[in-house]
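Among the features that TrEMBL reports, domain 'Vitamin K epoxide reductase' is placed at 11-158. The transmembrane segment annotation in TrEMBL covers 12-32, 66-87, 108-130, 136-154, 166-185.
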Amino acid sequence: MRRRRSLPWIYRWSRPIIGAIAIAGAVLTAYLTITKLTGSGPACSIDATAGAGCSGVLDSVYATVFGLPLSLFGCLAYVSMAAFALVPLAIDRDKQKALKKQAENYTWWLLLAGSIAMAVFSGYLMYVLATELKTSCPYCIGSALFSLSLLIFTITGRDWEDLGQILFTAVIVGLLTIVVTLGIYSNVNSPIANANSIEEVADVDGFIPIPEADGQPTPPKGWEITTTSGEDEIALAKHLTATGAKKYGAFWCPHCYDQKQLFGKEAFSEVNYIECDPQGKNPQREACLAAGIQSFPTWEIDGKFYPGTKTMAELAELSGYKGSQEFKYKP
């Protein structure tokens, strides 16, 4: 009687390992997506800056794709990888042997293509991190390590018969990923449009959408405010300052820039703004640390803290402003 050859442990456990890594990556990117959409910001050090810190990276123009958080697409990719790895394990080998074999074969190739694409894309982001943003980001590095681990366990976790096909797949998927990635970020460093040439047109709801931050912020002021304040924005700003309200932020933070754009240049000059980055204009890092600020922007109104970008109407309600509220802009 011939004894069946035992499979190497990596072949037996590769799918559960890949699934576990993908689930961990999905949890990480889901957390980043939630913090991005809610404006609360991830758990980062208060002294994170555009030159050093995770907040600057996660709020940079590279962190948004097609108007959505990049982490959302990362989460979908990790969920897909987890499904490719774990779904075949749920098929009963004794009852559905042919189906299980077919599912394993197809999903291995999907895992290979997916892990190559994720590793190449993560490699590009690590390049941007080192050369453009010139900083470190634990979340970004962690996700890149997850992607690289997926590729390693996908290649080593199966007895691939056709190594040439693997190389061919790697070249095609890798090149395609690079082309798509460069296309997505082709306009990142384009010059900021002249504010005077932008025609402000209100939507059907009567509000003018604020322009988004474009390019990289330059210390100490960051992006230039391109919106023009109305009388009501100025009145609200003066009311906030008169009642002791404070806005904590950092010059490199896109959400802080959105808040500035909602006020307009004239009105924001009336706001009691506290710069938390040492490289910013008139920095007050000690005040930010004393207040326990965890994310930008954060408003302090009547002794209570409100993280995230707020509309003018929200600020009026939070501060008890009773004046005219014909505000111009919306996020």
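Backbone N, Cα and C atoms are what each Cβ position is placed from, and that goes for glycine too.
When each of 12-32, 108-130, 166-185 is scored by its Cβ pairs under 8 Å to the transmembrane segment (66-87), the top-ranked stretch turns out to be 12-32. Between the transmembrane segment (166-185) and the stretches 12-32, 108-130, 136-154, the greatest number of Cβ pairs separated by less than 8 Å involves 108-130. Same-chain residues lying 6+ beyond the ends of the transmembrane segment (12-32) with a Cβ under 8 Å from its Cβ atoms: 42, 58, 69, 71-72, 74-75, 78-79, 81-82, 85-86, 88-89, 111, 139, 142-143, 146-147, 149-150, 153-154, 156-158. Per DSSP, the domain 'Vitamin K epoxide reductase' (11-158) is made up of 111 helix, 4 strand, 33 coil. Per-residue confidence over the domain 'Vitamin K epoxide reductase' (11-158) averages 87 (mean pLDDT, predicted model).
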